[in-house]
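Notes follow once the structure below has been shown.
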């Protein structure tokens, strides 16, 4: 597509990972497999938590919400990428690009908030065990999730509406596998100052503030664990938050790396983006189920019921 001077754009071009047609079948099979594993694994977590009354606790309530957010988060980027690979097209409509940005920010924001809330839940459970049921009551748990949804939906809507006022007049090519906000802003030929200010504010809201909360929670957790006299007690206590800590490390390690990178559109930047947008949601069910006997038992129960129905 030849660049043209105009104030409106009908579609963008997503360059993706490879321009070589020989690599497309391999990429299609790889991403399709990862997407199916992500959806199936997180659906099993949701079914296990909802079907087992023993798992109707704050920790598993937040985990089921995280699984739902992960399914939606991955679904904002991978299906469109699979369609483009299959049809050998790199285009995405202007409306589709704005919609993808919106939902990407919504569910990406939910992931960060839920991981923070889960860290707070572990902090209360380990540092204030006698008051856990009083503090983490159903009303507070529901409120924390609702507030997370409200903030994510609100800032994503504002950012999307600000994108609609921009004009794109010379270059419509986004060197990424999805409509990444920062890359799209670089293509605008109108003033993007307000967009960048909001972007920095959101980065602080979704990156620095939650991450600081997680670090604070785990610093207090570590302090409490070190005060436990027996080694076996320390191990059991640490094991209750090891899965969550692994997911946090993977998600924030790659996510912050992308936004702090000088060139997020480079090969390394796209690999890092792939890690927190696709790989982390795919690994979450495995991380939480492999180290959790309750989840294993509930999953086995769900699988037995499924096999009996069939």
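Here the Cβ of each residue, glycine as well, is placed from N, Cα and C on the backbone.
Keep in mind the model is a prediction, meaning the values are calculated, not measured.
Given the ranges 2-23, 266-287, the record in TrEMBL names 266-287 as transmembrane segment. By the Cβ criterion (under 8 Å, sequence separation of 6 or more), the transmembrane segment (197-218) is not in contact with the transmembrane segment (26-47), since fewer than 3 such pairs are found. Between the transmembrane segment (59-78) and the stretches 26-47, 98-120, 132-158, 266-287, Cβ pairs under 8 Å are most numerous for 98-120. Within the chain, the transmembrane segment (132-158) has long-range Cβ neighbours (under 8 A, six or more residues past its boundaries) at 58, 61-62, 65, 101-103, 105-107, 109-110, 113-114, 117, 121, 124-125, 198, 202, 205.
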